[in-house]
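Asker: Swiss-Prot feature annotations, pasted as is:
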- C277: active site (ACT_SITE)
- R85, Y224, G225, G226, S275, N396, A397, R398: substrate binding site (BINDING)
- K233, H253, D302: Mn(2+) binding site (BINDING)
- A276, C277, G278, K279, T280, N281, R398, R429, F526, G527, E528, N529: GTP binding site (BINDING)
Amino acid sequence: MNKPSEVKPVALNVPDYVKHSGLIAWVERIAALTKPDRVVWCDGSQEEYDRLCEQMVQGGTMRRLNPAKRANSYLACSDPSDVARVEDRTFICSEREEDAGPTNNWAAPQAMRETLGGLFDGAMRGRTMYVVPFSMGPLGSPIAHIGVELSDSPYVVVNMRIMTRMGRKVFDVLGSDGAFVPCVHSVGMPLAEGQQDVAWPCNPTKYIVHYPETREIWSFGSGYGGNALLGKKCFALRIASTMGRDEGWLAEHMLILGVTSPKGRKYHVAAAFPSACGKTNFAMLIPPHGMDGWKVTTIGDDIAWIKPGPDGRLHAINPEAGYFGVAPGTSEKTNFNAMATLKANVIFTNVALTDDGDVWWEGMTDTPPAHLIDWQGQDWTPAIAAETGRKAAHPNARFTAPAAQCPSIDPEWENPKGVAIDAFIFGGRRSTTVPLVTEARNWVEGVYMAATMGSETTAAAAGQQGVVRRDPFAMLPFCGYNMSDYFDHWLKLGRRLEETGATLPRIYCVNWFRKGPDGKFVWPGFGENMRVLRWMLGRLDGQAGGVDQVFGISPAYGDIDWTGLEFSPDKFEQVISVDLPAWRAELALHDELFTQLAARLPEDLPLTRTAIERRMAA
């Protein structure tokens, strides 16, 4: 690594409650490299949060919203070049390229360390380096892990306070020699003496780098979301998935929900959907009219850490403490519980500002306000939008909100032992081919379903079908190691649990997005998805029927509870049918994925594909 140029070392100001000599030495090393003006150890207190928010209001990064409309809430607007995750600048720097696999960007770790050494040398000059200790998962949980992020962004500090268990209490768990994941983040915009800062500092050069063997994360150049809040995708999925591979557990891009039947029986379900497929909506589902007595509760909306428990079953926690959700499309109609969560103590990013100091985004209301300030600080009216197509909120605009504020939060959401998972659900956005719901006949077939799932990336244009992007397990951008090894890890975990006599969770594949000949969605979705969920739970109890398909088991029309919904057998046929020519084409697409991953692909997957083909020919 480049030798830092000689400067007077900054005072570390280590609080007396920090007893971890390895952590202190690491902070000292990074401070010597990045040369901040000062080092601040974050305690996670409300006073600290309020002070940093006020500092950002004064600096133009955030504005305080009308307290009568949104108590203790703020709006931040980013630089237009820094609005989303940057997959092409995200690297897995494993020692061996084949351990990253063909679906990840790999770079040689030593060369990357030299590159980052140059970029981080003096990167925090003129700024404060914040030491942000955080726990992913309830403090002290056997499933939780600790991280420490060093960042020069106060925006990161306040978001991490909502998204994780952050602050002084983490050091009590860490003690003098506890393990932690070291995370280094800089916006990459040092300030010369007397240089005026900007509202949203960032750098056109961006790197989001993971070292799986040493469990390190380094992020440079972005202040936004998953690039900068390193506990989220970087730690909770990319690094944690490699920890899970090595230690026999799973880190998954999954919501976790509880479902209680009218008789009081409670089930727990984990579900993986790629982005824009309704994960948060499903996590906060409200059962529809006609399904009285059923109750859905939210444990997590995005990430699940899943470990075998002493009882042999898989137990899951939500490692996060908040929601970092996409705002556009969220409304009282689509997600009542999310809207109720956003009434206070929220940080909004890149949404629009109303004239009375509140927020708005596309899809929040049927009729937009007559005038707004858009996410780039410009006047916006419906007429301007009609003329230019300009959105008031950025399509990836976000809210950061405390999970505890969600009306549907599950009483077990902070149980350190986690909740026992009864079923896994995998789903993508497909306008054709994939049925509304299918149950895998066994664990291997379920892993095959999840490994080959995909979503359409482009809207159908001039009758053209959307391009299907394979997104295995909804983990394509987030798996920290070779995807074939990841499939193998799932298969081995299933075998290991079966050998102990444990009951494995059932695996289901869903698709809410089949379209009819008119190009419209056939299935009503949202709360009505409860009907599909109820069928799955009936299958677990041996109470619901099903029909063998070439690809798993699906319900017949009479197996679904239609109380309160007019949905004809013809419509049901449109969403459940298996079109054999379409499936032959689908299997050819599966082959493309398997060819890409051939070097380490577990043989169970091509064998399962052959079995499907045989059933189609029968």
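Quick reminder: no glycine exception, Cβ is built from N, Cα and C everywhere.
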Asker: Using the Cβ centroid of K233, H253, D302 as the reference point for the Mn(2+) site, which residues of the same chain not in that list have Cβ within 8 Å?
Answerer: K232, A236, L237, I303, F478
Asker: Could you find out if DSSP has E528 (GTP binding site) as helix, strand or coil?
Answerer: helix
Asker: So if I measure Cβ to Cβ from G226 (substrate binding site) and keep only same-chain residues at least 6 apart in sequence, which ones fall under 8 Å?
Answerer: R85, K232, K233, C234, F324
Asker: So how far apart do the substrate binders R85, Y224, G225, G226, S275, N396, A397, R398 get, largest Cα to Cα in Å?
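Answerer: Answer in Å: the longest Cα-Cα distance is 17.
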Asker: Give the distance between the Cα atoms of G278 (GTP binding site) and D302 (Mn(2+) binding site), rounded to the nearest whole Å.
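Answerer: Counting only the Cα atoms, the answer is 11 Å.
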Asker: Give the sequence-ordered list of residues that share a chain with F526 (GTP binding site), lie 6 or more positions from it, and have CB atoms under 8 Å from its CB.
Answerer: G278, N281, L285, K333, T334
Asker: Rounded to the nearest Å, what's the C-alpha distance separating A276 (GTP binding site) and R398 (substrate binding site)? Just drop the number here, would you?
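Answerer: Checking the Cα atoms of A276 (GTP binding site) and R398 (substrate binding site) gives a distance of 13 Å.
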Asker: Out of the binding-site residues listed (H253, D302, R398), which are within 10 Å of T280 (GTP binding site), Cα to Cα?
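Answerer: Final answer, ordered: D302.
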Asker: What whole-number value in Å do you get for the largest C-alpha pair distance within A276, C277, G278, K279, T280, N281, R398, R429, F526, G527, E528, N529, the residues recorded as binding GTP?
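Answerer: About 26 Å separates the two most distant Cα atoms.
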Asker: Taking the center of the Cβ atoms of R85, Y224, G225, G226, S275, N396, A397, R398 at the recorded substrate site, which other residues in this chain have a Cβ no more than 8 Å from that point?
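Answerer: Counting only non-site residues, the set is V83, A84, F324, V326.
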Asker: In three-state terms from DSSP, label R85 (substrate binding site) for me.
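Answerer: For R85 (substrate binding site) - judged by DSSP and reduced to three states - the answer is coil.
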Asker: Using C-alpha positions only, work out which of the binding-site residues S275, N396, A397, R398 is nearest to E528 (GTP binding site).
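Answerer: It is S275, whose Cα lies nearest.
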Asker: Roughly how many Å separate the Cα of A397 (substrate binding site) from that of C277 (active site), to the nearest whole number?
Answerer: 16
Asker: Go through S275, T280, N396, our binding-site residues, and report the one whose Cβ sees the most other Cβ atoms within 10 Å.
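Answerer: Of the binding-site residues S275, T280, N396, the highest Cβ count within 10 Å belongs to T280.
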Asker: Listing them in sequence order, which of the recorded positions G225, C277, R398 have their Cα within 10 Å of that of D302 (Mn(2+) binding site)?
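Answerer: Hits: none.
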